[in-house]
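> Okay, handing you the structure first.
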Amino acid sequence: MNPIIAPSILAADFANLQREVEMINQTNADYIHVDIMDGVFVPNISMGIPVTEAIHKHAKKPLDVHLMIMHPENYLKQFKDAGAAYLTVHYEACPHLHRTVEEIKALGCKAGVALNPHSPVYLLKDILKEVDMVCLMSVNPGFGGQKFIENTFKKVKSLKKLIVETGSNAKIEIDGGVSMDNAKALFDAGADVLVAGNFVFSSQNPAETIKNLKNIV
Ligand code: DX5
Ligand code: ZN
């Protein structure tokens, strides 16, 4: 297996975004995770389309854009044009999830669906074959630097089973509170992609931290 690491730019120094993106370019990170928050779906506001575009201008890694917003269907094209490779919407924000996933793919992006900690994985059973990635939130979305919710391990295992049963090719991404303390167990349980914000950006040597996360399996 190839462990995929996606540092979350939410934990970067926003006053020096270019420098931070260039720093990530020099590491063996796989994607750059971009957290979009609207202050409605989640109780925080982060960044939007122009900042995503600015990140993309300097990024040499695909942008993994996580939309923590209501009505994401209204902004898909703008985020695609801003440089998103992956577009992840929340199950909890999409009453017409199938349509939204099809729209993401029609734009030429990979389609991701995120689940809040309280949403069981079986909710995605009938859409799993259509999605490229499922993002399991291992914290309540809205803030970086929160404590990892242990129940996520169970969810990874049941999601993995469901993916195999439905013949889906979806990757499993884990987002929130990822560190050296849980990375190996998450990959062992079936995770493919680990998002890491604070653990990477607060470390002495982010490149080394990313390398260690990637080499943990
Ligand atoms: C949480 C975001 C996460 C966050 C992860 O709402 O979706 O991507 O940036 O940050 P850490 O790794 O610090 O928990
Ligand atoms: Zn995220």
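Cβ from N, Cα, C; glycine included.
TrEMBL lists these features:
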ACT_SITE  Asp35  active site, proton acceptor
ACT_SITE  Asp175  active site, proton donor
BINDING   Ser8, His66, Gly142, Phe143, Gly144, Gly145, Asp175, Gly176, Gly177  substrate binding site
BINDING   His33, Asp35, His66, Asp175  divalent metal cation binding site
> Given the recorded divalent metal cation site (His33, Asp35, His66, Asp175), which additional residues of the same chain have their Cβ within 8 Å of the Cβ centre, ordered by sequence?
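Output for this site, in sequence order: Ala6, Ser8, Leu10, Val34, Asp64, Val65, Met68, Thr88, Cys135, Val195, Gly197.
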> Taking only C-alpha atoms and a 10 A limit, tell me which of Ser8, Gly144, Gly177 are near His33 (divalent metal cation binding site). These are the binding-site residues.
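Close binding-site residues: Ser8.
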> Any idea what the Cα distance is from Gly142 (substrate binding site) over to Asp35 (active site, proton acceptor), rounded to a whole Å?
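On Cα coordinates alone, these residues lie 9 Å apart.
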> Give me the Cα-Cα distance between His66 (divalent metal cation binding site) and Asp35 (active site, proton acceptor), rounded to a whole Å.
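Their Cα atoms are separated by 5 Å.
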> Identify which of the following recorded positions, namely Asp35, His66, Gly142, place a Cβ less than 6 Å away from any atom of ligand 2, and list them by sequence position.
Asp35, His66
> C-alpha of the residue listed as 'active site, proton donor' to C-alpha of Ser8 (substrate binding site): distance in Å?
9
> Enumerate the residues of the same chain, Ser8, His66, Gly142, Phe143, Gly144, Gly145, Asp175, Gly176, Gly177 excluded, that satisfy the criterion Cβ within 8 A of the mean position of the Cβ atoms of the recorded substrate site; list them in sequence order.
Leu10, Asp35, Val139, Pro141, Gln146, Val195, Gly197, Asn198
> Given the binding-site residues Ser8, Gly144, Gly177, which one's Cα is the least distant from that of Asp35 (active site, proton acceptor)?
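Nearest by Cα distance to Asp35 (active site, proton acceptor): Ser8.
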> Can you tell me whether DSSP puts Asp175 (active site, proton donor) in helix, strand or coil?
strand
